[in-house]
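Some notes on the structure that comes next.
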Amino acid sequence: MLDDFMIRAALAGAGVALASGPLGCFVVWRRMAYFGEATAHAAVLGVALALALSAPILPAVVLAAVLMASAVTLMRGRGYAMDTALGVMAHTALAAGLVAVSLLADVRLDLMAFLFGDILAVSRSDLAVIWGGGALVLGLTLWRWSDLLIATLNPDLAHAAGVDPRRAETWLTLALAVVVAVAIKVVGVLLIAALLVIPAAAARPLSGTPEGMALGAAGIGGLSALAGLYGAYLFDTPAGPSIVCVAALSFIVTTLARGLVRGR
Amino acid sequence: MNTPVIAAEGLSIRVDGRTVLADITVAVAPGEIVTIVGPNGSGKSTFLRALIGALPPASGRVIRAPGLRIGYVPQKLAIDATLPITVSRFLSLPRRVPQDVAAEALARAGVPDLANRQMTDLSGGQFQRVLLARAVLERPQLLLLDEATQGLDQPGSAAFYQQIEEVRQDLGCAVVMVSHDLHVVMAASDRVLCMNGHICCEGTPEVVADAPEYRALFGTGTRGALALYRHQHSHSHDDDCGHDHGAEHMHQHGDR
């Protein structure tokens, strides 16, 4: 069954969506959308690093993402606003990554595949990495769910309840780095943040509890991946962007539906 | 004095390389109401955050009674509109609490009917009471309130302080609160700490109100507030708080 590239693509898309849905809720609640974007951009630098050192791509990307998070924290400590720190670091990482890749003259690299994903070329080993990384992130998020939630609501409340909010922040940063690393193949560096933010935002109007929203985000993300792939097959459009378009469509639908219900 | 529930000994706190609090020594006795007053930026909130362990001391230390349960009401809690959460779910974080415990805490805080409401749909007064309910969930021996009546109108905050007094009588817990409502505070406290980066003066409300350090910070006008605190009023309320409004007491409003 796994011999069919469409089946592998569907499994890859669904795997990434299931992990990025609940994590994406935290990205939305904590207003970290741009932080997710910066982490994704840092991945390009990680890819270049991996190619230069002939190292495996996954750990290199995670390392680059963690370095990015530390650099942003450092800049914040020096009095820069969050958006300035992220704006500087995100685009520096993207530009430096592209330059570094071009300097690796002996490596023929399909840059478009990294920027926009190449879900139809997912191999069995890619699939193993995606489901492994996705399971890790999902497990981490569920295991620390209550701690992450209270730290997101208010760091001082977390302290008073015996939860260290800085640890929660570290968990989220690491989880974000892993999701970015496994999602590159599926939607590419430029659209990963969309897969985090849009399903969560689309699930918001349908949800009354944080858990409901996480479940909804995973479901909407998974369905978007499948429907996007089908659309890409039907209309011969690029797969990654098609998935994001379907997610955006579901966001519009749930938002309008909520508006209609409220308007009555 | 009994063994203190919490004490600071020579506590200093530095934030971003700046000394915000210097050499604070305070002990809070069981059941005591201590109020901290002081101008903006005087380190009041910093002190409370140090007591809950959110800020590490630069020098000195915080001593807690063994097994001390603390209830904390933060200064401001902005729940992002994108985060759907009901009151009962909020109370069950990070540890799940049984429904009857949550219901009891909500009743104690004066908002028994809110369990299934969304946090973002609450009024300011209801929100603060839910925070109070959260703080009293585990029957704390120490209640820390950081400007808990911020954003409430005067009757609202008077009612809130009344609720805190009831909670204290109920649970016998000590209360340490930061407040700008000098009127209420000066009369409702056992002890007042006047803070401005250090402790300027402390004592009973009467002593502090007469202290030159306090007057230098707040002027002499607030002395009269003590007299204002208890007063008669007989107007009617369109609420269901179900008690006689003619007597001498503080306001109590049901939030709608």
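Glycine too: its Cβ is placed from the backbone N, Cα and C atoms.
TrEMBL: automatically predicted annotations, no manual curation.
Annotated features in TrEMBL:
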TRANSMEM  A:6-29  transmembrane segment
TRANSMEM  A:41-68  transmembrane segment
TRANSMEM  A:88-107  transmembrane segment
TRANSMEM  A:127-145  transmembrane segment
TRANSMEM  A:174-201  transmembrane segment
TRANSMEM  A:213-233  transmembrane segment
TRANSMEM  A:239-261  transmembrane segment
Inset, instruction - Sort out for me which stretch, of A:41-68, A:174-201, A:239-261, has the most Cβ pairs below 8 angstroms to the transmembrane segment (A:127-145). - result: A:174-201
Inset, instruction - Look over the recorded stretches A:6-29, A:88-107, A:213-233, A:239-261 and say which has the most C-beta pairs under 8 A to the transmembrane segment (A:41-68). - result: A:88-107
Inset, instruction - Determine which recorded stretch among A:6-29, A:174-201, A:239-261 has the most C-beta pairs below 8 angstroms with the transmembrane segment (A:213-233). - result: A:6-29
